[in-house]
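First, the structure itself, so that you have it in front of you.
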Amino acid sequence: MFCEYFFRFFCFIIIAPLFGGFSVLVFAKDNYDSSYVFLIVTKQNSVKSQRYCVNFQQWRTTYIDSSPQGIGKKHLKLGWLGKVNSTKICQRSPFFTCDDNTVVPLDYRLSEEDKSCLPFIHNRTNTMKTLVQYKVNQLMNVGATAGIFLVEKGSNYSGRWPDYLFSEFYDPDVDQSITMPIFFMYKHAFNEILKEFGDGVSSKPVYFTFYRPKSLSWDLSMLIIWLLAVFCVGIGGYWAGHRKNCEEKLGLESRFASSLISAEAQKKLEHDDDKATAPANCLFVVIAMIIVVGILMLGFYFRHVMVYIFNVILSIVGTFSMHRCLSSAYNYFCRCNQCKVCISASDISQAIFKRDLLSNYECCCGRPRESSVLLFIFSAGFCILWFFSRRNPYAFILLDFINVTLCLHVLKWIRFPNLKWLTVLLLCMFVYDMFMVFGTPYLTKSGCSVMIEVAAGTDCMKSNTGYPVAPVSGDIPEKFPMLFQVPRLSDPMLSCIDLEIEKEYRPVILGLGDVIVPGYLISFCFTVDFSAKTRHLYGVVSVVGYSFGLIATFFALTAMESAQPALIYLIPFTLLPIIALSLIRKEFKLLWNGCFTKSEVSDY
């Protein structure tokens, strides 16, 4: 009894505080969600073309064409400010004017040659603040249609960080009111264009076409997140009900009881247990909510420390969760009487891992099976691999698998005796989630949500201010691990992301609490179905309700373009249909009080 409550309490405290209702999709409140656009380079009377990724200065305020083809599309001719093949500002012709629809390239940073012709330059800081705007003004004076600045990749001109192009790159020192489009690209890529297509003067004209495909409101990553979450609550809930049903059939008080007891004695024990657990559940909910808030505050003020602690915890808990899930799957396909190869375990391993490694089948005589040990080693290695490679852009694949097994293990293990205490818990989490996402911005100095800052590490005050620094040169906050993460797979500019610079894809994330907390109710419903022989009616209804609740969450994300507390949608969509169904079937009191065995249902 004590062990079960300790595990229930432990899992709830780990999962719920930071992830009990946090769902984020990275949206743009600007025109675009990144500064990337495509550049198509062509040559007159030639079918050859090449596509490049460039950055658009006015990406927050100005739209460009969504397709490179069509009537009215601007195909800009490559031109030069003065000397052909020269991108130096000082080598311009004093009487030069551009033809219509001309794009002119210039170096982004100042060279030593340019200092002699720019008398306003006194120091490097002043240069950074005025040079680019000066160049923009010169381009506008000669009538250029657009300008493209060439960046030396990795050059450390400022002395503080190297120059890189990335998703949110732009130059804040350029006047944001100018209408002439300004683009940025790497100089080595521009040199490739000259080598492949020529300079557009000594040979046939070269044309540049800039465009950006429209982003979809709905992303494929949403579907993957939806499938992961529904799979976890559906399979985890069914597993919980099936496990409870097996225990009742065997007449065991718990999974690890050593002897059979009579059905009447078991029923009496369960009745006494329900009475004893009523105050325990009340105390559990109260203390859990207090600690939930406390841990969230620790995560807010000591985020780096708490992230590391939770990474370690997930590695440990994930090992046992993965082992249990893989062992169950293995046992389903390979029964014990067909797999009798067993090995002995040392006293230490039996003492520490007995509960996880021992087989439930008598043929192994209480000794851990070889397959169980191998699965445990595999699970531990899998979690250790994730721990040491978690900053890799593709580590989310390992993390999502670990979190799926964690959700399944928690849901099949944790039980609530009745709908009463579940409703209390769900309502507490509903209020907690709403307040932490929508209420805390009015209490923090930055005006940011505590939940968002803690779970994702984002700061709403830093998104549009200051000079943008490439992620590779800055300190990217590490996300808490109890999250499902899937990159935005439908992003039209996904191919432009340089992982060496960006370090990660922009993800859609869903907190495990958005799976675990509603999953408590779904597990309860399947337990009712198995006990009362209702043909999985309550379980199926709860899973369907959860599915629609998650869809409603995604609708809210796309409509409001901001992070949403998912539990405010998931809890009503999951709880209300169960209450309505139980009222229609006149079984509400049975579920509310926890009396739902087959014999008790027949008495009503």
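Note: Cβ is positioned from N, Cα and C throughout, glycine not excepted.
Note that TrEMBL annotation is computational and uncurated.
Just lifted these from TrEMBL, have a look:
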- 6-28: transmembrane segment (TRANSMEM)
- 220-240: transmembrane segment (TRANSMEM)
- 278-302: transmembrane segment (TRANSMEM)
- 371-388: transmembrane segment (TRANSMEM)
- 394-414: transmembrane segment (TRANSMEM)
- 421-443: transmembrane segment (TRANSMEM)
- 508-530: transmembrane segment (TRANSMEM)
- 537-560: transmembrane segment (TRANSMEM)
- 566-584: transmembrane segment (TRANSMEM)
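Mind running through what each feature is packed against?
Sequence-distant contacts of the transmembrane segment (394-414), counting only residues of its own chain at least 6 positions beyond either end whose CB sits under 8 Å from a CB of the stretch, comprise 4, 7-8, 11-12, 15, 228, 231-233, 235-237, 239-240, 243, 314, 317-318, 320-322, 324-326, 382-383, 385-386, 481-487, 507, 512, 515-516, 519-520, 522-523.
Residues 23-25, 27, 217-218, 222, 225-226, 229-230, 233-234, 237-238, 241, 514, 518, 521-522, 525-526, 528-529, 566, 569-578, 581-582, 591 of the same chain lie 6 or more positions beyond the ends of the transmembrane segment (537-560) yet place their CB under 8 Å from a CB of it.
Within its own chain, the transmembrane segment (566-584) has Cβ neighbours under 8 Å at 20-23, 419, 423, 426-427, 429-430, 433-434, 510-511, 513-514, 517-518, 521-522, 525, 537-538, 541-542, 544-546, 548-550, 552-553, 556, 590-591, counting only residues six or more beyond its boundaries.
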Does the chain bring the transmembrane segment (220-240) near the transmembrane segment (508-530), so that three or more CB pairs sit under 8 Å (pairs 6 or more apart in sequence)?
yes
